[in-house]
């Protein structure tokens with residue numbers, strides 16, 4: 001323990017240490033952390049891990065085994081049961097002992113034992129469910145774990161972020177998440193986004209130089225430090241980890257700020273449902289206690305205290321029955337089961353609560369590359385400005401792609417592959433990497449939409465050239481000249497129009513076109529910037545083809561059939577996008593361009609955003625703006641991305657979706673990750689999400705209607721009867737077996753109707769359902785109360801006014817309650833006629849009929865019936881029970897039909 005305390009730094013010390021690390025040389029850092037340029041040794045990894053700890057941020061409310069055990073057994077349900085144990089001890093053992101009455105262990109102890117077993121069973125059920133859910137969630141997250149590249153003992157490894165230790169040497173490239181607080185020891189055009197820490201959207205350039213500023217308040221300004229939680233936008237670097245886990249800058253922020261995630265409508269709705277029932281319970285329970293106590297009060301009897309305690313026990317039991325104690329467990333269980341089902345269909349859920357939004361999604365936005373297309377970009381043509389094949393254009397394209405240090409995209413890879421293929425027949429394309437050296441580069445960014453490298457022949461560094469590649473419009477904007485057949489001419493409007501017409505023709509064939517430009521860069525220094533990209537010579541263009549996937553057309557149709565409108569948000573050319581979309585069945589009547597968005601206010605965009613299915617030439621921030629506009633009109637919007645440029649849009653979407661091959665920042669931002677970049681996988685995932693939501697919906701509506709009906713029945717019975725309508729132990733036992741039967745709902749089948757359209761959360765629909773269906777069960781309860789009170793119980797041979805009469809009454813309502821609750825499960829799970837047009841899952845049948853069997857048979861088992869204070873009832877009771885059950889079924893069918901007619905949907 002002493003070691004751990006010694007290593008816990010204060011906030012002030014951490015900032016001081018970061019400033020100190022920013023001023024140390026790399027040699028001093030190696031010595032400080034027992035590392036080297038080749039990284040940590042195996043032995044030193046263990047030492048540093050023990051000394052500095054794992055690279056983990058402590059989470060509020062950590063889900064440890066002790067945490068789960070505590071919450072499984074210490075909850076309102078268990079506390080009420082424990083209170084009832086003490087009441088039973090007092091009424092059945094202590095009071096008889098004080099009054100010197102004979103102690104009847106057969107009557108007293110079973111009640112206490114059964115309540116204790118109920119505490120045990122309830123706790124075990126909660127613990128097992130929580131443990132399974134936690135294990136499932138952890139397993140799913142591990143399937144798409146974010147990793148970083150470290151050098152250890154001279155060997156490179158890809159390891160999970162949490163395994164990084166202080167002193168590790170990490171290699172960083174575009175798209176990587178910074179795994180801890182690191183000091184840059186080598187960098188090439190490294191730009192890092194620190195927006196998650198500072199709120200500044202502009203990427204910051206980082207360098208491998210000593211930082212002189214000692215201002216601790218602005219430690220994020222240190223140009224040679226990069227911080228956990230930020231990400232690499234472009235360039236590359238080598239860095240040493242100086243601080244990890246909770247001691248990082250991000251870790252300190254997390255400890256100081258009690259960050260509460262913004263709750264979704266679904267989470268708010270679940271909470272509101274729970275609180276509604278609890279508020280009703282807080283009103284009803286005291287009322288029931290007072291009424292029951294007064295009804296059983298007799299001023300001439302010394303047992304008044306016991307009667308009031310019985311009334312209190314009954315009221316507390318009513319509280320258990322009305323408390324939605326199983327709601328969190330059923331919801332979590334349903335979501336966890338849904339997540340596992342989705343994982344089997346190549347859809348990994350990182351955030352369980354996102355399943356509801358996934359099923360509710362009515363607009364799906366994505367880039368076209370790799371989603372609509374095969375993601376197998378092929379360089380089809382390398383053309384000069386007049387549209388003729390020209391190897392020099394390919395040569396310059398290769399040098400640009402090969403020597404850039406950012407994240408090589410599919411276009412770069414296809415250029416390199418095509419050059420290698422043609423090098424066998426084209427001499428000037430052979431061994432280019434051996435003939436040239438790189439002087440400098442200006443990395444790609446999404447504002448310029450181009451990138452440049454400066455190269456020179458290996459034997460003549462002074463003969464350097466800048467080569468720029470990028471979107472054709474952006475390349476034309478920096479070109480003053482064109483080159484054709486060795487001649488260089490100044491560009492004019494006529495030439496620009498001819499170039500654009502050729503490019504348009506290629507775009508119409510579905511090809512994406514990049515322009516290539518060059519210029520001599522006879523500079524003495526080796527540092528260049530964006531201002532140097534001017535007065536360049538356009539030498540030609542590269543045309544790429546990424547054909548649509550064969551499965552895309554059918555996948556788009558599936559999504560449309562599921563009520564999901566697909567919108568394309570791309571940075572690509574409008575003509576290429578239009579051609580691809582037309583081939584896969586996406587309407588392209590109207591296209592919104594990025595330049596048009598600049599002229600439109602947010603308010604106007606919100607009004608018209610839904611009218612456009614294709615957005616082209618967008619920047620990352622514009623994608624996010626479109627998503628925000630769609631959401632403002634109550635659409636549930638999903639966005640699928642896999643690149644750095646997709647992160648802003650993913651952060652503002654209701655559901656962020658990525659693929660397991662995406663860059664780290666995209667995977668980290670995503671709620672849901674597809675193991676295959678295919679819209680068919682997405683459609684399958686949406687179906688599973690809707691099934692999960694529908695089953696959850698069933699339980700919530702069932703809970704609301706049943707509890708509301710019970711409230712009416714109990715209040716009526718409290719006024720109507722001179723004794724409690726059901727004993728505390730009976731209510732608790734009934735509640736337990738009913739809750740266990742409901743645990744099968746996550747495995748129930750779902751009708752196709754509930755899958756065909758987005759399933760949005762609607763709190764009002766729950767309350768309407770409660771008000772319609774709750775009173776129906778109350779009506780049946782009231783009928784059985786009247787029948788039993790005035791005829792049936794005496795007909796069965798139990799004399800009015802006796803304990804046996806009360807026990808028979810309790811037994812009758814106990815059995816009826818379980819029967820009606822089992823019936824309602826099957827009649828609200830579908831809009832069709834159950835067991836005829838819609839068959840439930842075998843597990844649900846087994847659970848509900850098993851609960852009915854147990855509730856019926858316990859009255860006939862010697863010892864058990866004594867403990868539960870139940871008595872056997874004869875055949876006439878079951879005839880009445882069957883008749884009332886049939887009446888209940890008829891009423892439910894009528895109410896269900898009227899409800900659907902008025903509100904269109906049952907669930």
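Counting begins at 1 with the first residue displayed.
Yeah, the Cβs are placed from backbone N, Cα and C, and that goes for glycine too.
Predicted automatically and left uncurated, TrEMBL annotations should be read as such.
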From the ranges 312-336, 337-361, 362-386, grab the one TrEMBL calls transmembrane segment. 312-336
Name the residue range among 793-811, 812-830 that TrEMBL annotates as transmembrane segment. 812-830
Among the residue ranges 11-39, 40-68, 69-97, I'd like the one that TrEMBL describes as transmembrane segment. 69-97
Taking 253-272, 273-292, 393-412 as the choices, which stretch does TrEMBL tie to transmembrane segment? 273-292
Need the matching range: TrEMBL marks coiled coil on one of 219-246, 415-442, 443-470, 471-498, and I'd like to know which. 415-442
Segment-segment contact (the transmembrane segment (699-721); the transmembrane segment (109-128)) at 3 or more Cβ pairs under 8 Å: no
When each of 109-128, 273-292, 875-895 is checked against the transmembrane segment (769-792) for Cβ pairs under 8 Å, which one has the most? 875-895
If we skip the immediate neighbours and take only residues 6+ beyond the ends of the transmembrane segment (875-895), which ones have a Cβ under 8 Å from one of its Cβ atoms? 772-773, 776-777, 779-780, 783-784, 787, 792, 795-796, 812, 815-816, 819-820, 823-824, 827-828, 833
